[in-house]
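Q: Residues or ranges marked as domain 'EF-hand' by TrEMBL: 5-40, 45-80, 81-116. If you look up TrEMBL, you'll see 160-179, 231-252, 288-307, 395-414, 426-444, 451-477, 489-507, 556-579, 600-620, 626-643 marked as transmembrane segment.
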Amino acid sequence: MGQPFNRQILEEMIEEVDEDKSGRLEFEEFIILAAKFIVEEDEEALQKELKEAFRLYDKEGNGYIPTSCLKEILKELDDQLSDADLDGMISEIDSDGSGTVDFDEFMEMMTEHCGDVMTLPFQDRCKFISNIAECHESSQYFNYLNFIFCDVGSRSKNSYLLGVFLICVLSLYLFAFLATTADKLYCLQKILKMSENVAGVTLLAFGNGSPDVFSSLAHYKGDTELMYTELIGAAAFVTGFIAGLVMIIKPFKIVAENYIQDVLFFLVAAFLMDFCIHNQMYSLYEGIATVMVYVAYLTCVILKHVLMKRKIHKIKQLSSTDLRDLTKLENLEDIAEIKIYSRKDSSVIFDNEIISVFRKEFHDSANKNLLKTFIQGLNPIDIDDWQNSHFLGKVLIILKIPVTFFLLLFIPIVDYGETNLHGWSKLLDMLHIITLPQLVLFVTGSIETSFYLFFVNVPLAAFVFAVSIIISCVVYFTSRNDCPPKYHAIFATGSFVGCICVIYTVAKEVVSVMKAVGIISDMTDSMIGLSILAWGNSIGDLFSNIALARQGYQQMAFSACFGGPLFNSLLGVGLTIIMKALDSKDLFAFAREGAMGPNCIIFLNLILSFTFFALLFSNFCARKSIGIYMISIYCIFMLYSVLGEFEIMHPYGTDHEKT
């Protein structure tokens, strides 16, 4: 291929790639041999020779090779391949599921094996990575493979190991970034006065689940194997492992109506996704139906909450309430988890207004200690957290300083908690009015966009900056530094939008890092998805739900263990399929579940079914024993997946016995 033919050199190369010394090349060995030529090949010459090879198999001359013909070719290259192997390879090559392979797919088949870099000699890896386009497709802001094999790892084996170590540390840091940012999504709960169950399946689910969803949407054009196994694997992890931990930490009585609703919707969702992806062709309408299942679930939760609230309020308004009404009221409040405030009680917002009036009367200067509160607001170390943390906790706080400082610069803080200021810092929030819109422009790719205003070409970033300055000035003259303004709740919306932008950006980078880790470790996308990526994106669920359980909010934590994965899987799969289908002419998306996909869905159904019957027979008492069994089922699932990854046993539906 572009080089003078030398039989001796060719025989030496064949001998090098023939690992089993069988005297014949298997398909994988053939690809490695081809890769050795590709490393030395310039792109134009390679494309020319691949076109000549393509014409040999394009017998009808219409620019397509039937997959049946390609299957015969692969069978000739390696007669040890089973039909299941061949079908899997064909499905990867025929990316649009058309039943034929065009030249682009043929060329991709010959050049896309970035994972083969680990089979090459150490000194050839950098050149291989540089020449293979597929090795650069998953890169976002940084090329991790180039960093490992060319920058740091090209000098020696020790420097290569250092590069791998740095990538692993970075992946942990990115997951921590996601978890820290997701924690800031819950400021709307107290403003909207949500119950535990509604907050658990909406805000808490969205906060914990947004990394999974955005990881899926970040690379929607790629293969769905990583996306599908990550979402279903994360669902199994959260509903099995984390929900089990919640039960073990603090057993409690589950509200049966809420739980039955959650688990039934989850079983319907699992069946629908498995049914639609089974034939590898997911239609646009099936994608919309997947999203609509979550919309229906959310509608049921909110509608039931509103109806319960009205019913409770109606009973409380009765002038004469007998014993039966009081019992009925207590039962309804347990189900809805609602606290109806009396006239003597005051809401957070009402307290805020009283404080505002009080301080306005007793302080002359609206900007007293303006610079001091600004510096305190930018302090990335919370004094109370630092004093209450042990050594390891303090180390984690120090490691999170860059992340926390970045978020403080761009994300407004609205915390209706114990402090009277509720996170308000006049000068810092004025800065957020300027920095947050620029962050949104950067994430959406509009930072360099321009438009015409009165026949003048105006950069969008400059226009937004000017408007932000004006709004900041308005805030300066209409607010005080010693108490939050009446419109402080509006900043919660900005905080929510900013968190979404950060999570989306970091999630894209997480996928890029995981792709690099998969190539380095020689792990399949399925295994990366259901393990590393699923665990990493579920860090928020793990810490937040455990913290809620310890504080006595077991019902909210348990609801989030179902609402979160339901949100992830339905919206993650549904929106990804919709975007892929809209990109195709026939409105069909080619979607693969991977070798581990059936395992994930079966064990997810097993966890859901076992939990349902166990709670049913225990009169919906969440006991420690049930939690232990749930965690055990998840551990069996992971053991089965690891054995399948190392081909010690076959994953479900991939029996490789010769036929």
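Using the three backbone atoms N, Cα and C, a Cβ is placed for every residue, glycine included.
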Q: With contact taken as 3 or more Cβ pairs under 8 angstroms (pairs 6 or more apart in sequence), are the transmembrane segment (556-579) and the transmembrane segment (288-307) in contact?
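A: Yes, the transmembrane segment (556-579) contacts the transmembrane segment (288-307).
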Q: Among 160-179, 451-477, 489-507, 600-620, which stretch has the most Cβ pairs under 8 Å to the transmembrane segment (395-414)?
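A: Out of the listed stretches, 489-507 contacts the transmembrane segment (395-414) most.
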Q: Would you kindly list the residues that approach the transmembrane segment (231-252) from elsewhere in its chain, counting only those six or more residues past its ends and only Cβ-Cβ distances under 8 Å?
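A: Sequence-distant neighbours of the transmembrane segment (231-252): 212, 216, 266, 270, 273, 529-531, 533-535, 537-538, 541-542, 545-546, 549-550, 552, 554-555, 557-558, 561-562, 564-566, 568-569, 572-573, 596-597, 600-601, 603-604, 607-608, 611, 621-624, 626-631, 633-634, 637.
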Q: Could you pull out which residues elsewhere in the chain have a CB under 8 Å from any CB of the transmembrane segment (600-620), counting only those six or more residues past its ends?
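A: Distant contacts of the transmembrane segment (600-620): 228-229, 232-233, 235-236, 239-240, 243, 253-256, 259-260, 263, 266-267, 270, 273-274, 530, 593, 626, 629-630, 633-634, 636-637, 640, 652.
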Q: Along the domain 'EF-hand' (5-40), what average pLDDT does this model show?
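A: Here the mean pLDDT over the domain 'EF-hand' (5-40) amounts to 57.
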